[in-house]
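Notes for the one structure printed next.
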Amino acid sequence: MPTDFLFTSESVTEGHPDKIADQISDGVLDAIIAKDPQARVAVETLVKTGLAIVAGEVTTNCYVDIPKLVRSTICRIGYTDSSMGYDGNTCGVMVAIEGQSQDIARGVDNKKDQGAGDQGMMFGFACDETPELMPAPIHYAHAITRRLADVRRKQHPWIRPDGKSQVTVEYRDGRPARIDAVVVSTQHSDEVSNKKIQEAIREDVIAKALPKKLIDNKTKFFINPTGRFVVGGPMGDSGLTGRKIIVDTYGGMGRHGGGAFSGKDPSKVDRSAAYMGRHIAKTVVAAGLARRCEVQVSYAIGVAEPVSVMVETFGTATVPEERIALAVRKTFGLRPREITEYLNLLRPIYQKTAAYGHFGRTEKEFTWERVEEKKDALRDAAKSATPSGGRRLKAV
């Protein structure tokens, strides 16, 4: 990777159609897991003008009023008027849910040694570009969309729920030096002028969300570059669970295994192992073992022990990389049940993750972001680890 380059990441607001779908799916998960923590949940949502469809596989002994939950989620996001093309009070809700396959349950529902819910590879990433140990482009893109939603609720009622941001950061010698370009698109009511939109977004959103030291007279701003954005939300585009996986993670800076998070209970390693990968990578960076770290974990369906674990530090490690890999295996349990218990994942915490990123958050529910407990233990383990035969070992 070059040391001088531009890197761009995007974020979307909670009112983006795909994020509506994610929040509905995770809302269903939360409602079920609150009553039945051992439930198996895999729920997808499709939203379009006047309609929400919830489908998937659920095994539980509890009852949840899914149509009521769907409507309340849509209204909370801000779609409460038919003039927006989507109204949680009146939209149709269809539900198509069956039980989990017994073939899958046979390998997963083992109380002694719970197997992975599916095969696949998951990645975790961290770097020292921000206090949250997240890449700068996605961090600032999320800051804009969060601020946009806050301003919509508290200051400018003509802003509507759908919106996007994009931030391009210029790197010099591998470090963020300045913000080169900012793109903000926000849905709005029909009567507001373009001038008012430009001024409000520039002054009340961008200026409050981004650090002044990274903005200069060469920074480019693109605010509603098409000119108008009245038709938005599910009326403008259909929304589907799991279509914003890069927004959900590292903005493209770290790799992604392809599995979405929302609507999946912790037995699905697509979610739980990705959270654990982030926790491990963040702990590595917080412990001072590297400035940049990526962790890959892979699983076979029905098998508890991971098939492989890989640690990559991109030449930034302060101790030999193979020692970090060995220390990771010594310090962290990576079986699905160990991950679930360690991160305390059997709680209704997931709807909050479904907008503005699953990582780099400071709320108490995001246990995978807390690194103090294992930081010293990992550092000590890395210093004392002895690679077998002196050979370079990254996958164990």
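Quick reminder: no glycine exception, Cβ is built from N, Cα and C everywhere.
Because the structure is a prediction, the values reported are computed rather than measured.
Segment annotation: Swiss-Prot labels region 'Flexible loop' over residues 100-110 (candidates 100-110, 210-220, 386-396). Same-site candidate for L-methionine binding, as annotated by Swiss-Prot with GLN100, ASP237, LYS268, chosen from GLU57, GLU199, GLU312: GLU57. The DSSP secondary structure for ASP18 (Mg(2+) binding site) is helix. With respect to Cβ neighbours within 10 Å, the binding-site residues GLU44, ASP237 differ, and ASP237 shows the lowest count. Closest by Cα distance to HIS16 (ATP binding site), from the binding-site residues GLU44, GLU57, GLN100, is GLU44.
For the recorded site, GLU44 (K(+) binding site), the DSSP three-state label reads strand. Every protein chain shown contributes to the tally, and the Cβ of ASP18 (Mg(2+) binding site) ends up with 22 other Cβ atoms within 10 Å. This prediction places the mean pLDDT of the region 'Flexible loop' (100-110) at 60.
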